[in-house]
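Starting off with a structure, shown below.
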Amino acid sequence: MATEFSWDEIKKENVDLERIPVEEVFEQLKCSKEGLSSDEGAKRLEIFGANKLEEKSENKFLKFLGFMWNPLSWVMESAAIMAIVLANGGGKAPDWQDFIGIMVLLIINSTISFIEENNAGNAAAALMANLAPKTKVLRDGKWGEQEASILVPGDLISIKLGDIVPADARLLEGDPLKIDQSALTGESLPTTKHPGDEVFSGSTCKQGEIEAVVIATGVHTFFGKAAHLVDSTNNVGHFQKVLTSIGNFCICSIGLGMLIEILIMYPIQHRTYRDGIDNLLVLLIGGIPIAMPTVLSVTMAIGSHRLSQQGAITKRMTAIEEMAGMDVLCSDKTGTLTLNKLSVDKSLIEVFPKNMDSDSVVLMAARASRIENQDAIDASIVGMLGDPKEARAGITEVHFLPFNPVDKRTAITYIDESGDWHRSSKGAPEQIIELCNLQGETKRKAHEVIDGFAERGLRSLGVAQQTVPEKTKESDGSPWEFVGLLPLFDPPRHDSAETIRRALELGVNVKMITGDQLAIGIETGRRLGMGTNMYPSTSLLGNSKDESLVGIPIDELIEKADGFAGVFPEHKYEIVKKLQERKHICGMTGDGVNDAPALKKADIGIAVADATDAARSASDIVLTEPGLSVIISAVLTSRAIFQRMKNYTIYAVSITIRIVLGFMLVALIWRFDFAPFMVLIIAILNDGTIMTISKDRVKPSPVPDSWKLNEIFATGVVLGTYMALTTVLFFWLAHDTDFFSKTFGVRSIQGNEEELMAALYLQVSIISQALIFVTRSRSWSFVERPGFLLLIAFVIAQLVATLIAVYANWGFARIVGCGWGWAGGIWVYSIITYIPLDILKFIIRYALTGKAWDNMINQKTAFTTKKDYGKGEREAQWALAQRTLHGLPPPEAMFNDNKNELSEIAEQAKRRAEVARLRELHTLKGHVESVVKLKGLDIDTIQQHYTV
């Protein structure tokens, strides 16, 4: 008998559980093949810890300080140092007010960043908990699905195709597994693991199904030890590069402005040292978009949370910007475009042996199905029995071969009541035909039936049986007998056709990727209105038998196709690769372990609901709800998130140019020294307002969108220059003319620098903050309603700014209130000079894309006279097209706009009802055609009584 070791020795790995016989493993871990009890599992969890890697604890204070450590903050910190070190000259004391103000601005910004990121981090942690790996574990004598984190040494687990091995374990009795250890060892090919072998946490099961006993968890696993030696890295992606580019542009603009001021103020104008420093501080403080990293990060975090509420959990934050730019979506058919709720019409089952009927074929198929942990096919087959227990009634299961992508079938070896051994198998018809070695007329008949099913959009399932005279599970048995073919109907989702239409309107081309036959793909594409321009997977390799495809380059074929049939996972990778070579932003859905390479290769890998652990691990976005509509909703939400970020970056660049150019010209032309403290007030109020943009109401782009730095910089420079010139014009009117006195009847403030300071402060504050309403809108800013928070923040900030301009009397900032009369005049001037900003925006967009004027009149923007943005008109056109497709006469008065006959509400109700009926008819007719043609009838000879 083996020496027993204590838990402490096992924890310290003094016991070689990897090499000792499996029987000794059970002895050392004090467990059995009945599994652990829940109480014992809880005790061991306290000893060995949770089955997850150690998370480094964060120092909250250092994290807070970290928000002050970036290039933009460095510029502000340099300004703070200037205020107390370089400003200490010219017979004046250090500028403590500006120093304190800058530090307050930095602390406010860091505090908001810290709080928002902490909240976002907590929300993300809660979301990622939903993606925590699950495993099938034997506890209290029952198999159940539990979170992998509760596993302890001694637990019995089940590993099947697509699972990521949750802990280091030793395999028990069963068939060998194919294990992909590339994530751990770098081996590109799967390795075969036999009973008794060790499998490592983090590896992926590529084939087979077996039970195993856990020997190590968490940091004690092979993967845990390796991960402990290296620090994780975060891929900053394109977002960080864009952020850096914009930050560098702003810093360079400020540097250029400061250089010009230094070269003119000191050698030419002979300004005093302190006045020059104050003017340089104005450019430094006012020009830096200090809130930019915070605003953009918070916007993405909040957007990610919103996506999760819609059923799309983002594992990689920057996937949001890629989703916004996606223009091609390669979608699985089964479960995404269809319901994956299979049904079998027993009357259409094709039985081949003369001594069997359809019930016998169903029973054979049910025996080759799982009773528990079923997939959609198993559930539909077993569900046809009166009682699911009939599938195992009167037989003893010896061995079950689970489905795998290579064999594409399942099989059971069993003993009947008389003691004879048998096997039954079900699977892809071609595999079953090959298994049975069908020849001649029987093979031709099988293919005719399969093709007949496929033409009507029905999948085929082959069923076979054999006897096993040798009575061993390893023996080949007698020749297989082809039993029959079952038609599987997987109805399209009720919203798939409408969702595909929406996707096309949004500029996203949906391509169907299916492993089914070409005829099934074409029929499904016809029903969903996504086109029938589909090709077999052989065309991807240039082996198509269709002569019309021979001369077409493969990448062009992939780009123009509506979908591909007979696709294997490796084909998906090739499709993504070719689309990316054609400069498309490509999304790919997947659910199986073999989809992982394509999901990783795609710009946006999307693991559908109920995907395997391997597919989830490789994806960027994990869906928690089935269907295509979740993806399209996520596209819209991503575009809205991206629009908010782009709006802010244009705003930030504009403000930098506006502050640098405006104050530089005022300082150099009139030698007017604007107080740095007043720029700080503008910056603080601006930051407070701009933080709300992360929750702003925006209209997503109607086409795929992406970062276009030339658009951001061009728009920012033009708008910023215009605003700077309006400030220069305002100062000239107030400083050198009596324009405001004559126009608004206010007293002149010429020569009164303190009141000029107040007036200039208010003008800069108003137009700077109002700019956000221009950059946030695609159309006219006054017709696209902003979010409530943004509007309230703007009103409060400008109320504070106006009160400061009217009443302030701060000697250290050289400001005295200019009164309500001047404040009113400044507001009128600001409103008048605000109006051309929209026109400038359109001109810039037109110059860059040639499409800007559409934003003034297009139905996709808010500025339109069409009700619901033309939705009713589009629905009417769709309904009319469907009536024509079904041979129905056009309605005479269905869409009559005569308001004397029908009220507008009744008209809309009729239109909705018409559209709903036609959609139902569209689906019903397809089903009727399927059944009628399978019965060998001519549908044209049958009287039609379609009524609407």
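Quick reminder: no glycine exception, Cβ is built from N, Cα and C everywhere.
Bear in mind that the values here come from a model prediction, so they are computed numbers and not experimental data.
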Same side of the membrane for Phe26 and Glu753, as recorded in Swiss-Prot?
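Going by what Swiss-Prot records, Glu753 is on the opposite face of the membrane from Phe26.
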With a Cβ cut-off under 8 Å, give me the same-chain residues at least six positions beyond the ends of the topological domain 'Cytoplasmic' (697-712) that come close to it.
238, 242, 245-246, 321, 324-327, 505-508, 585, 636-637, 639-640, 642-644, 646-647, 649-650, 653, 776-779, 784-787, 844-845, 848, 860-862
Measuring Cα to Cα, how many Å separate Asp595 (Mg(2+) binding site) from Asp332 (active site, 4-aspartylphosphate intermediate)?
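Rounded to a whole number, the Cα-Cα distance is 11 Å.
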Which ones in the same chain are close to Asp332 (active site, 4-aspartylphosphate intermediate), with CB under 8 Å and 6+ residues apart in sequence?
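When sequence neighbours closer than 6 are ignored, Asp332 (active site, 4-aspartylphosphate intermediate) has Ile513, Thr514, Thr589, Gly590, Asp591, Val608 within Cβ distance under 8 Å.
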For each of the binding-site residues (Asp591, Asp595), count the other CB atoms lying within 10 A of its CB, then report the residue with the highest count.
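In terms of Cβ crowding, the pick is Asp595.
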With the transmembrane segment (647-668) as the reference, find which of 65-84, 674-696, 713-733, 755-775, 788-808 contributes the most Cβ pairs under 8 Å.
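Counting Cβ pairs under 8 Å, the winner is 713-733.
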If we skip the immediate neighbours and take only residues 6+ beyond the ends of the transmembrane segment (674-696), which ones have a Cβ under 8 Å from one of its Cβ atoms?
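That would be 83, 95, 97-98, 101-102, 104-105, 108-109, 112, 278-279, 281-282, 285-286, 290-291, 294-295, 298-299, 302-303, 644, 647-648, 651, 655, 659, 663, 666-667, 757, 760-761, 764-765, 768-769, 772, 776, 786-787, 789-790, 792-794, 797, 800-801, 804, 810, 812-815.
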Under a Cβ pair cut-off of under 8 Å, which of the recorded stretches 65-84, 97-117, 247-267, 277-294, 788-808 contacts the transmembrane segment (755-775) most often?
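Most contacts with the transmembrane segment (755-775): 788-808.
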